[in-house]
Amino acid sequence: SFTQVPYEACCAYVLMVTAVYWVSEAVPLGAAALVPAFLYPLFGVLKSSEVAAEYFKDTTLLLMGVICLAASIEKWNLHKRIALRMVMIAGAKPGMLVLGFMCCTVFLSMWLSNTSTTAMVMPIAEAVLQQLICTGLADSLEDSESAEIAIEIPNVRRVKARRDSQYPTKRDHMICKCLSLSITYAATIGGLITITGTSTNLIFAEQFNTRYPDAKVINFGTWFIFSFPIALIMLVLTWLWLHFLFLGCNFRETCSLSKKRKTRREMLSEMRIHEEYAKLGPISYPEVVTGVFFILMTLLWFTREPGFVPGWTSLFEKKGYRTDATVSVFLGFLLFLIPARHSDPLAPMITWKDFQRLMPWEIVILVGGGYALAAGCKVSGLSVWIGRQLEPMSGLPPWAVTLLACLLVSAVTEFASNPATLTVFLPILSALSETLQINPLHTLIPSTMCVSFGVMLPVGNPPNAIVFSYGHVQIRDMVKAGFGVNLIGVAVVMLAISTWGVPLFSLNEFPAWAVSRNVTGSL
């Protein structure tokens, strides 16, 4: 019988089983995420209905709304127009192309969730990559004799259909990998900049303000001042790292903007891209509607609770009822309603089929599994137990405690969902800071940042899973590149918290708002 086993142990067991399945990919990720759904009720950690409630959260609705918009963008080829426009600006040099995409993604990800940014930018990148691949194939044909062309043309079509296994050259495959990975990392970096940029920043702000109501230090402005330099430094370093890893060190060749140094191949791809853009013709009515919805969604998200001015939610009486999901589901619903005025006068902008094709249910269940695990850790007392194990750290200086916290959080977040990891660690680290008389922000802010660096595996965060599903990248590429990004991230965050973070949040003293909390906590 299970009566003798403490709940903490049961919970730890479920955590380990799920983690092993996630890492080994012995079963599909979505299926592995269902393990807590039957093990928790069996072990008596959570009721079946409680576990079930964890699988469908507000964020799932957010994703559904965004996918409606993404479906419309894809259906009416808006992403292709934006992509070709961007490549025309950045040029076909791979280094500049990757940098251009990264800057674009970082900017979008500041306002949109990382998942939705990746879901939007990835089809654009895919369109560009297919362009480069087709150009490459056409090139290799033109170089061969005209007699062979007739034989090889059907082959091109077959390669296009089976793009996973064949790229014209190894270098093309490397460009595909580099661009795919750069987008997920850029989305992560952009998410750090604003307090609404990613769910973990919001969780931190929520938990922090609940635990220390007197501390009026965290708002949109202070967070932005602290994290914007971090993001800039990380963007440059991550680009250099990916370039070094996949494209080698020859920066002059991959990044020069001068017209002289272009190869015949690059000239061809630029011509091809201009031709493709011309083929799209003038902008159509559905594209305009989609573009307006995109801008509207972004504006409504940003003005909901900007932090430095009252947002549009303050117009309503009851506070805290409307989230980003409300906006995205509402606008997504409207897309099913508005006629596209295309061929059939009554056909809407998108149909349910279009939505179904793009909706990543596996990712929804995966993130749900992460929430379920976190709920189990909280209820069973596993998180409290982990906190007690950390008490011997009291002899260490603050920077060492912070560094250890960062490394620990970065390691755990590779396997668990970011929100789950942070939800488990914030109370532990707050308690630890109070025990050691350090300003809680000294450990909490770096940990919140480092939670986002779970970038080594497809399960670490949904953007990785989206990029992985396009099939250019193997797990080993992700681990190799992600390890570097992880180290860059921890290093830059440590730099920030020990330099410009100190005067910004007055980190050197143990603040009054934490002292009062400490007294009440021990009573």
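Yeah, the Cβs are placed from backbone N, Cα and C, and that goes for glycine too.
Among the features that TrEMBL reports, transmembrane segment is placed at 12-35 (among others).
Annotated transmembrane segment per TrEMBL: 94-112 (among others), in sequence order.
Per TrEMBL, the feature transmembrane segment maps to 183-205 (among others).
Residues or ranges marked as transmembrane segment by TrEMBL: 217-242 (among others).
According to TrEMBL, the feature transmembrane segment maps to 283-302 (among others).
Counting residues 6+ beyond its ends, the transmembrane segment (323-343) has Cβ neighbours under 8 Å at 58-59, 61-62, 64-69, 71-72, 76, 113, 116, 196, 284-286, 289, 293, 296-297, 300-301, 304, 349-352 in the same chain. What TrEMBL records for 323-343 (among others) is transmembrane segment.
Here TrEMBL flags 363-387 (among others) as transmembrane segment.
What TrEMBL records for 399-429 (among others) is transmembrane segment.
Here TrEMBL flags 481-502 (among others) as transmembrane segment.
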Quiz item: Hey, would you say the transmembrane segment (94-112) packs against the transmembrane segment (183-205), going by three or more CB pairs under 8 A that are 6+ residues apart?
Solution: yes
Quiz item: Thinking of Cβ pairs under 8 Å, which stretch from 12-35, 363-387, 399-429 has the most of them with the transmembrane segment (183-205)?
Solution: 399-429
Quiz prompt | Distal contacts, the transmembrane segment (363-387) - CB-CB under 8 A, six or more residues away | solution = 7-8, 10-12, 14-15, 18, 29-30, 32-37, 40, 45-46, 50-51, 54-57, 59-60, 63, 115, 416-421, 423-424, 427-428, 431-432, 459, 462, 465-466
